[in-house]
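Here TrEMBL flags 12-27, 55-76, 82-101, 108-128, 148-168, 175-196, 216-233, 240-264, 276-296 as transmembrane segment.
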Amino acid sequence: MGFSQDNLKGFLLALLSSGFIGASFIIKKKGLRRAAAASGVRAGVGGYSYLLEPLWWLGMITMIVGEIANFVAYAFAPAVLVTPLGALSIIVSAILAQLILNEKLHKLGILGCVMCIAGSIIIVIHAPQERPISSVQEIWSMATQPAFLLYMGSVIVLVFILIFYFAPQCGHTNVLVFTGICSLMGSLSVMSVKALGTSLKLTFEGKNQLIYPETWLFMFVVATCVITQMNYLNKALDTFNTAIVSPIYYVMFTTLTIFASVIMFKDWDNQDAGSIISEICGFVVVLSGTILLHATKDFERSSSFRGNYTPLSPSLSTRLCAGNTEVLMHDEDDGSYSEEPCSKRQEFYT
């Protein structure tokens, strides 16, 4: 099956998105280090000097550009193609971390990068053609077909069960609870993003879709799903080791998104069995590479931590626990640990 122009545009935008998002983490981290050096107070212990650091804002702008590129990519290419390519941002981040931040990339981490690239190539080669859509009402008919309504209803029921039953009981001890909520809502958010992106694309082409209430409803669904998704992702990152949360979230989110896209947009209807099997194999290779990258990164951290462990004073550990979620992630990378994360790491590695 030939590679269509729309697929090519979506592919290039997805690559651009991965590049910008991967680079944004490094730029922001560099900005955090520079701000901490200038003020003497790290963000993880309550400092906000990074808000005055131009390099940190450059990282934020870079991330926003990457997210916009990812949003537009869904308007051109199927989710089966765009979503797995998000793993390439991890490769960009890992390579730049070694070049700019002097963070060593383990040999198995290099193998993980190669696996992500190889799997992505397989997916791109066998990706389905984007189905031509002429109006937002056509997308609405896809969203209201019985199969997708069943999927959407199941997702909503599961999310409510996880939020109101499992989260209070075991949300802070079982990583699958918070990541499950994020992944389930994320699959719906991507479908809504694709619907909204396609509507805006048609509008820019001269077919105004803003006059239809369906466009605004999709916009509302995007906002609701993204807010819920980010809220519980922050909870997951704040509660568990980042190297545990990231691969689990990526696996669940990408799998559910592809499944939802296959149901709603019928991505595999016009493909033969060989192409579908190849896409699944490519996806498995990308997942394996992603997990390997995170596993080796965590291995390096645990080795460094064990070799250079110095007990924290109670006052300092208390201050570290007060840090916000985003900066806690950066502090883990820098080798700074609060009392609670330290105990979690000892549970994981003993």
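Positions of Cβ are set from backbone N, Cα and C atoms, glycine also.
Automatic prediction, not curation, is the source of TrEMBL annotations.
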For the transmembrane segment (55-76), distant same-chain residues with Cβ under 8 A (at least six beyond the ends): 6-7, 9-11, 13-14, 16-21, 23-32, 34-35, 82, 86, 89, 130, 190, 193-194, 197-198, 200-201
Stretch contact, the transmembrane segment (148-168) with the transmembrane segment (175-196), Cβ-Cβ under 8 Å, 3+ pairs: yes
Which of 12-27, 82-101, 108-128, 175-196, 216-233 contacts the transmembrane segment (276-296) most, counting Cβ pairs under 8 Å: 108-128
Same-chain residues near the transmembrane segment (175-196), Cβ under 8 Å, at least 6 residues beyond its ends: 71, 74-75, 79, 83, 136, 139-140, 143, 152, 155, 158-159, 162-163, 166-167, 215, 218-219, 221-222, 225-226, 228-229, 232-233, 235-236, 239-240, 244-245, 248-249, 252-253, 255-257, 259-261, 264-265
Remote residues contacting the transmembrane segment (108-128) - C-beta distance under 8 A, at least 6 residues beyond either end: 1, 3, 7, 11, 77-78, 80-81, 84-85, 87-88, 90-91, 94-95, 267-268, 270-271, 275-276, 278-279, 281-293, 295-297
